[in-house]
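Visitor: Before I ask anything, let me first share the structure, which is written out below as structure tokens.
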Amino acid sequence: KKNSILKKNQSWINATENNFKVDDYESLIPNADLVINLTPDKEHHNVVTTLQKLMKKNSYLGYSHGFNIVEFGEIIRKDITVIMVAPKCPGTEVREEYKRGFGVPTLIAVHNENDIHQKGLEIAKAWSFSIGSHRAGVLESSFIAEVKSDLMGEQTILCGMLQTASILCYEKLITNKHDPAYAAKLIQNGWETITESLKHGGITLMMDRLSNPSKIRAYKISEKIKKILTSLFQQHMNNIISGEFSSEMMKDWKNNDKKLLDWRKQTKDTSFEKAPIYIKKIPEQEYYDHGILMIAILKAGIELSFETMINSGIIAESAYYESLHELPLIANTIARKKLYEMNKVI
């Protein structure tokens with residue numbers, strides 16, 4: 001925005017310090033071969049409407065999430081090729097993983113109604129390569145599968161369960177007279193430590209960090225959790241497939257995000273968020289040994305999310321990324337600043 005450029009705000013500083021050319025729409029868009037829209041979903045319609053008036057013929061429009069196309073139903077000029085590169089993590093983690101020489105798992109897709117030259121997939125591959133995702137894994141998906149699986153993953157295992165489990169596990173430990181500071185650190189950093197094993201060996205490796213008796217206990221607990229939550233997960237999936245979930249979310253956008261901000265405030269006011277800081281280091285294995293319930297929750301949530309998505313017709317690539325592969329990167333945000341950070345960056 002011109003106003004941001006004139007004021008040289010933080011986004012301007014970030015861009016210029018990283019050697020990006022900064023200018024307004026009218027100066028940059030008409031000459032661009034590829035225009036990437038990374039604005040929040042609620043801003044997409046206005047942004048894309050403006051972009052289409054300025055984009056040159058036969059150019060490419062890129063999304064990192066297909067909500068605007070699938071749920072809002074945005075119509076794009078037929079000469080514009082529409083592609084998607086959807087890193088399976090918050091945007092902050094895309095940058096951090098790239099800086100350390102790696103990347104994040106990514107889904108790529110082409111909007112079939114906007115691929116007039118049949119070159120969309122090659123451009124999407126090149127874009128995903130440029131952010132380092134080829135080092136972590138790039139799978140071809142579709143706009144619909146990415147959106148439906150993304151919404152399902154975030155509402156269940158990725159955000160919903162991590163948030164609810166953090167609050168409930170903390171309250172249980174406090175009720176049992178454990179040190180509040182230790183309990184908070186065990187949970188806050190425990191998700192990150194435990195899910196790191198998912199990156200390298202999935203649920204099997206995570207479970208292998210436990211003793212045999214603890215494995216059996218975690219397995220039994222996870223099976224109980226799955227039975228309790230199966231109908232709830234299926235209801236979430238039904239609401240997402242039908243479009244009801246997205247419809248309610250867009251209504252909240254028009255109401256200045258009242259529900260979202262109220263929920264975010266409720267989370268910020270929980271005892272877990274306000275817990276004292278534990279200064280001492282917790283050994284890595286201790287997170288596993290004292291986190292059997294957390295491991296059971298992760299196992300149940302991953303399996304149930306994946307199974308529910310597959311049973312609803314979502315392709316396995318999208319279901320896998322949204323149930324397991326993105327989980328460690330979401331856990332990273334909790335480790336930094338607990339649940340409020342996760343809610344803000346998602």
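Cβ atoms here come from the backbone N, Cα and C positions, even for glycine.
Model, not experiment: these values are computed from the prediction.
Straight out of Swiss-Prot:
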- 1-141: domain 'KARI N-terminal Rossmann' (DOMAIN)
- His65: active site (ACT_SITE)
- 142-286: domain 'KARI C-terminal knotted 1' (DOMAIN)
- Asp150, Glu154: Mg(2+) 1 binding site (BINDING)
- Asp150, Glu322, Glu326: Mg(2+) 2 binding site (BINDING)
- 287-346: domain 'KARI C-terminal knotted 2' (DOMAIN)
Visitor: Given a separation of at least six residues and a C-beta threshold under 8 Å, show me what packs close to Glu326 (Mg(2+) 2 binding site) in the same chain.
Guide: Lys88, Cys89, Pro105, Gly153, Leu158
Visitor: If you count, for each of the recorded positions His65, Asp150, Glu154, the other Cβ atoms lying within 10 Å of its Cβ, which residue has the minimum?
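Guide: The recorded positions His65, Asp150, Glu154 were compared, and Glu154 has the fewest Cβ atoms within 10 Å.
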Visitor: Under 8 Å between C-beta atoms and at least six apart in sequence, can you list the same-chain neighbours of Glu322 (Mg(2+) 2 binding site), or say none if there are none?
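Guide: Listed in sequence order, they are Lys88, Ser149, Asp150, Met152, Gly153, Glu154, Leu158, Ser305, Met309.
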Visitor: With DSSP, how much of the domain 'KARI C-terminal knotted 1' (142-286) is helix, how much strand and how much coil, in residues?
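Guide: So the domain 'KARI C-terminal knotted 1' (142-286) is made up of 118 helix, 0 strand, 27 coil.
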Visitor: Which numbers of helix, strand and coil residues does DSSP report for the domain 'KARI C-terminal knotted 2' (287-346)?
Guide: 52 helix, 0 strand, 8 coil
Visitor: Specify the secondary structure state of His65 (active site) as given by DSSP, simplified to three classes.
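Guide: DSSP assigns His65 (active site) to coil.
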Visitor: Using the Cβ center of Asp150, Glu322, Glu326 as the Mg(2+) 2 site position, which other residues in that chain lie within 8 Å, going by their Cβ?
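Guide: Same chain, not in Asp150, Glu322, Glu326, Cβ within 8 Å: Lys88, Ser149, Met152, Gly153, Glu154, Leu158, Ser318, Tyr321, Ser323, His325.
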Visitor: What are the helix, strand and coil residue counts for the domain 'KARI N-terminal Rossmann' (1-141) according to DSSP?
Guide: 67 helix, 23 strand, 51 coil
